[in-house]
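In TrEMBL this protein carries:
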DOMAIN    10-133  domain 'NfeD integral membrane'
TRANSMEM  12-28  transmembrane segment
TRANSMEM  57-74  transmembrane segment
TRANSMEM  86-104  transmembrane segment
TRANSMEM  116-133  transmembrane segment
DOMAIN    149-202  domain 'NfeD-like C-terminal'
Amino acid sequence: MINNILLDPNVGFVLLMGGFVFAILALFSPGTGILEVGALFALLLAGYTLVTLPVNGWAIVVMIVAVFPLVFAVRGPRGGGQGRSTLFLIAGIVLLILGSIFVFRTEQGGPAVNPILAVIISGGSGLLLWFMARKSLEAALATPRHNLDRLIGMTGTARTDLRPEGTVYVGGEEWTAVSSSYIPSGATIRVIARQGLVLTVEQVKPEE
């Protein structure tokens with residue numbers, strides 16, 4: 001029964017899009033673990049469909065290529081401002097949707113995914129990614145209203161595991177943080193530097 005479901009190209013399309021969307025959203029909200037697990041589960045199931053049904057190799061390549069502008073839009077340097085990041089974001093979303101629609105093919109070579117389903121899922125996924133990415137970009141490019149250098153030297157608590165990126169609670173607020181080594185959730189941390197709105201932290205050992 002499950003095998004028959006996974007051999008449906010429409011199901012494979014939904015799983016593939018879901019996996020990519022979860023993975024990209026994990027870039028916007030790192031450290032929770034939930035999105036990462038959801039992405040891995042969906043992509044594993046979609047992978048079974050990919051190796052079983054006829055696929056267009058070029059479409060798979062397009063989907064993989066789509067990840068790079070999306071990552072650059074969210075994690076890349078901010079020197080070009082929001083305009084350049086927006087262009088990378090649009091390019092990534094368009095490539096992801098294009099590749100996912102054509103990834104499964106019929107024996108005659110045409111797209112195997114139901115066009116109505118493709119429009120609904122692709123459109124919804126594109127809007128969700130656009131909204132979340134814009135919020136992330138606005139937060140990253142926003143000018144801080146107060147001196148964030150005051151956080152350097154302060155101690156706080158790791159709200160999630162840092163592997164090496166996650167979320168910490170310092171100075172009465174939650175912050176995205178990175179560490180040079182693994183820090184478990186709940187550990188005491190100290191801020192040693194910052195880059196924009198991202199803090200660099202280290203774990204405070206009990207003897208310290």
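Please read every residue number as a count from 1 along the shown chain.
Just so you know, glycine gets a Cβ as well, placed from its N, Cα and C.
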Same-chain residues near the transmembrane segment (57-74), Cβ under 8 Å, at least 6 residues beyond its ends: 16, 20, 23-24, 27-28, 50, 85-86, 88-89, 91-96, 98-103, 129, 133, 136-137, 140
DSSP-assigned states of the domain 'NfeD-like C-terminal' (149-202) in counts, ordered helix, strand, coil: 3 helix, 31 strand, 20 coil
Secondary structure content, the domain 'NfeD integral membrane' (10-133) (per DSSP, counts of residues): 98 helix, 4 strand, 22 coil
